[in-house]
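What follows is a set of notes on a single structure, which appears directly below.
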Ligand code: AHG
Ligand code: MN
Ligand code: MN
Ligand code: MN
């Protein structure tokens with residue numbers, strides 16, 4: 001049930017106000033920016049919920065900078081976010097999975113603006129078959145002293161001001177952190193508000209569930225194969241398996257129930273498939289704030305990786321602390 005304070009439900013906007021009072025770093029500008037995300041994701045949710053009734057199934061016809069066939073809903077989600085965030089007046093740079101280059105917005109105060117990057121629709125391959133999809137976003141300060149878009153956006157994950165996602169699942173939930181805990185809001189379709197439904201989420205420290213695309217098992221490095229063989233062995237880990245194929249859905253299950261998600265290096269993606277800036281960094285920020293862990297294939301913290309390009313990819317091992325630590329022993 002939604003959480004009440006003084007007998008009233010807590011909306012996302014109220015929660016941000018509370019955060020500002022308690023943590024001066026979250027300025028009023030930040031709340032105004034976040035209202036752009038809530039507006040855009042309500043719009044996206046309305047399209048997702050009507051897939052099949054309106055023309056949002058299937059490919060749009062182009063191929064994006066990732067080399068993927070762009071889905072109609074990828075475009076709709078991307079446009080919704082760029083439109084709402086483009087007019088906040090305090091967003092200096094926008095970057096998206098779907099756009100080749102970051103976009104610099106005009107008429108923004110260079111001394112006090114933000115950079116926002118997003119995966120507008122995560123798990124696009126699942127749209128036509130009614131499986132959960134999501135939106136992932138990350139927010140940095142736009143450093144006025146840094147000249148040049150490329151340098152401004154290529155910040156390590158530890159510099160994130162906020163990270164979050166919206167999961168368009170059985171219900172629509174927004175999960176975010178701005179460094180003061182992880183909080184979940186559920187969209188009430190009755191009156192279109194995100195209401196606080198979980199506060200200060202703590203990830204279970206261990207769970208016998210792993211999440212990986214088993215089809216690529218024999219193309220993973222030896223260390224991953226050994227770990228997965230061990231985890232399946234009734235005399236070893238005795239794990240169960242869950243894999244949705246939408247990163248946000250797989251991660252959200254782990255945030256709430258614990259376990260471990262892996263996207264190892266493969267021949268197709270020797271450096272890993274998932275994107276560092278707008279998939280792995282925000283989820284790593286949330287995982288660590290919830291007491292979990294997020295590393296890359298070499299065992300480095302995801303949020304300490306220095307990006308070289310906006311669409312950098314990385315291998316990812318993320319989830320419950322004890323699960324990730326246990327898996328890391330196989331990487332040695
Ligand atoms: P996107 O739809 O934003 O391109 O992301 C898809 C990603 C992620 O959602 C998921 O975990 C992964 O692709 C699934 O990859 P495989 O199909 O190779 O398992
Ligand atoms: Mn994609
Ligand atoms: Mn994605
Ligand atoms: Mn995507």
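Each Cβ is built from the backbone N, Cα and C atoms, and glycine gets one as well.
Computed from a predicted structure; not experimentally measured.
If you look up TrEMBL, you'll see 11-199 marked as domain 'Fructose-1-6-bisphosphatase class I N-terminal'.
For residue 119 (Mg(2+) 1 binding site), the same-chain residues lying six or more positions away in sequence with a CB closer than 8 A to its CB are 96, 97, 134, 135, 136, 137, 275, 278, 279. The annotation Mg(2+) 1 binding site is assigned in TrEMBL to 97, 119, 121.
According to DSSP, residue 119 (Mg(2+) 1 binding site) sits within a strand segment. Annotation source TrEMBL lists Mg(2+) 2 binding site at 119, 122, 279.
Annotated substrate binding site per TrEMBL: 122, 123, 124, 125, 213, 243, 273, in sequence order.
According to TrEMBL, the feature domain 'Fructose-1-6-bisphosphatase class 1 C-terminal' maps to 203-331.
Look at the Cβ of each of the binding-site residues 97, 122 and count the other Cβ atoms within 10 Å; the largest number goes with 122.
Rounded to a whole number, the distance between the Cα atoms of residue 121 (Mg(2+) 1 binding site) and residue 213 (substrate binding site) is 20 Å. With a cut-off of 8 Å between CB atoms and residues at least 6 apart in sequence, the same chain places 44, 71, 73, 74, 77, 78, 127, 133, 134, 135 near residue 121 (Mg(2+) 1 binding site), listed in sequence order. Shown in sequence order, 263, 266, 313 are the residues of the chain, 6+ apart in sequence, with a C-beta less than 8 angstroms from the C-beta of residue 273 (substrate binding site).
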